[in-house]
C-alpha cells in the first residue's frame, strides 16, 4: 500500500486501502490456520451455521459471521486453540431451479456462487481457517454422507416404506413434516402441499425421541425458546392405551389417551380415514361414500385437520364398539381431524371434556356424558360447554366422588387388571422422511435387486456419483430416472442385473453432520477420527438463526446420537452453547390495504408517504431485509463506503445479538466517526510519546493513575461482555474509554501512554481487526496483533485512594470535594464544615447534627 505505517501522520483513516492490504497479508501468512496438535482442555470450536451459496451475502449473514468471528479472535488471544471453519450447504432445490432457468449445470452455478461469496466473506476480515472448507455437493464430502447412511441402515435406523407424504406440486418433491409451514404450505416454494402415497426412505429418529427430549435439560446454554420449541415438537405424552372391542367382531381398536379419568365419558370412537380396520368393517353399501369422504379430507393439511377453529367432518362407519369401563355400546366414526401417523390412528370421543370432541359431538348430535364436575357443588354452569379442568368424578361407577387426578391412577390400575388398559408413552415426533425426487442432492446408496432385495452399495464402492450430463426440466419424476445407464448396475451380493435407487437425500442430511467433517476435511479413509472429535466437540459456541430450531438443530442432535449408537463417535450432543441472533431489519414502505411494497425512491414525501399508484396512506415499519420489500442493504456497498470494520462495529453495537437489529444509515455514520476518532487518538498519542519537547511538561501522577484506572476498567468490562456475548455494551465501553483517555493524555507519562494505547489496540482488535492491525504496526510492533495475548485485568489499578465526598445541607447536595478514603468520621465532619459550600449555606449557623455516610457523603443539619 502507498502509506506504510512508518510514515502515517494524523491524516484520516482510509479503510479500503488498509483493509485490502491486511486481508492479503493474513492470507499470505496463513494466520488463522488451526493448530491440530492440541488437547481437549485448550480447544475452542467457534462455528457459524454454514450458508447456502446463493451468490451474495446479506446483512443476516454478516451479523452471524461477525459475531462468531469476534468470539474466535477473542478466544485466540485468551490462549485457546481455536477452530473457526467455513463451508457450503450446496445441495438443494434453489441450485437445481437456477440451473433449469439458465440452462447450465447446478455444479457450474454453485461453484460460481461459492467463489463470489468467499470473496465477500474475506472482505469482512473474518479469521476463517479456509483449509477446513467443506462443500456438501462435492464427491469428497457426499461420499461420507452416503457412508453415514450405510451405517444407519446397518443399525436398522434407515428404512423404506410406503407412506402418505407431503407433496410439493411446484418443486415436484416430497417434504418432511417440518418443511410444511403453519398454513400447510411448502417452506421453500410456498405451494399448497398435497398428499401422495409413495415408497419413501426414512431415518428412525423416533428411536431417540426419549433421549432427544430428556437431554434438552443438558442444554442449559441454549435459548429457552429453542428448547421449548424442540420439546413441543417431540411432544412427549404420558398416558394409557385403551383397548375397545368391536361389537360382533373379533377385531379390536386401541386408542391412546392422557385422560383415562374421562374413560366413563367415552360416547364414540373416531378413526383416521386410512385406518387399516376401516376397509374390513365398512358395509359395501358405504364404500362410495367412504371414498368421497377420503378425497375431501385428503385436500386438507395436517394443520388444518388439527385446527380448533375449523368444523370437523365425520362419517359413521355403521359399526359399534364397547366401552370397556362401563360396557356401553358406542358408535365408531371416521373423522378428518384424526391422523393415522399420530398415536394409533384412533381417538376416544369424550365430548364433555375435550373441546374438539365437543364440537364434533354437537355437529353430529352425539351423546355428551359428563364424568367430572367442578369442585364447587352448586356450580352447574359446566353443563353448558366442555369442562376440561380437574375436578370431582361423577357418573364413573366406583370412582365417583374421587378427585380426578387421583382417579387417573386408580382407573389405570383397574383397567390394567381387567386387561383393557396399560400405561403408555407416546411422542408427536415422526420418523424423518429423507427421500427427495430431485437431482441435485446426495444419491441414496441403495441397489434394488430382484433376488436380494435392497442392498447397500459397499463402503469401498462409495461415492455413488451423480451423473453430470443430465437434462433438467423440473417436472415429473426424479431426473435420475431418465439416466438408464446410471440406474442399471449389478447387485453387489449376487452379481445379477439390478437398479440404483433414484431418490436423493434431503439436504438436511448433509448439513446435520458437517461440523464433524470440519475436523479432518482431507481424510480420505474416514469421515472423521473419533480421537479428534473428542478433542474439539461438542462445538463450544454455535451461532445461527432461530428458524433452524426444529429442522437443522433437531436433526443434528439426532444424527449425533445415532452416530454414537453406531460406535463412530463418543459425544451425544453436538453443540454446547447456542446463540440465535436476531434478524436484521430495515424500513419498509407498505400499503396496508394492498400489501404492496414500494422502494424509498418511489415515495415523494417521506414525512407524509402516499401510495404512488393510488394515493392511499403508506405504512412505514421495520421488517426483515428482503429484495421483495425493497429494504435490503448490500454489505458490499457498505464496505465500499465505510470499510469492513465500520460494518462490523455497527452490526455488533446496534443491538444485543439475540435481539432484532434495525438498520439505520446515520448509526453506520456514527460508527465510522468513532473509527476515525480511534485512529486519530492512537496516532496522536503515539506521536506524543515521541515528542522531545514533552519533557518540559509537568506530569501528574494522578493522571497516570487515572489513565491506568480507565484502561483496566475497560479490560474488565469488555472481557466480561465478551464472555457473556454482550458485544454492544463492549463497544460502548470502548467508546467510553477513548473519550476518557482523550481528556488526560497530555498530562500522562510516556510510559503510561505507551502501555495504555497498546492495551487499547488489543481490546479493539476482535471487533475491528483491520484498524487494530494497522495501529499495532504503527506503534512499533512487528508480529500480528492477532497473535498477541489478551490483556490481564489489574484490580489494583482501579482502586482509588480518594473519592468524591458529597456535601449536603439539610439533605440537599450543595457541593463536593475529593477526600481520602482512610479519613475517620471526625476528620470527614471537620473537612465538610470547612468547605466553601458548607460555609455559604450554613451562613454562620451552628449545625444541630452531622450525619456521615463513609466514603459517600456528609449531611449537615442546621
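Just so you know, the numbers here start at 1 and follow the chain as drawn.
Keep in mind that glycine also has a Cβ here, set from the backbone N, Cα and C atoms.
What you see is a predicted model, and the numbers here were worked out from it, not measured in a lab.
Feature annotation from Swiss-Prot assigns ATP binding site to 627. Annotated motif ''HIGH' region' per Swiss-Prot: 51-61, in sequence order. Taken from Swiss-Prot, the feature motif ''KMSKS' region' covers 624-628.
Using a Cβ-Cβ cut-off under 8 Å and counting only residues 6 or more beyond its ends in the same chain, the motif ''KMSKS' region' (624-628) has close neighbours at 58-60, 583-586, 597, 663. Here the motif ''HIGH' region' (51-61) has Cβ contacts under 8 Å with residues 88-90, 92, 94-95, 110, 112-114, 116-117, 120-121, 545, 583-584, 624-625, 632-636, 651, 663 of the same chain, all six or more residues outside its ends. Using DSSP to sort the residues of the motif ''HIGH' region' (51-61) gives these counts of helix, strand and coil: 3 helix, 0 strand, 8 coil. When pLDDT is averaged over the motif ''KMSKS' region' (624-628), the result is 83.
In terms of DSSP secondary structure, the motif ''KMSKS' region' (624-628) contains 2 helix, 1 strand, 2 coil.
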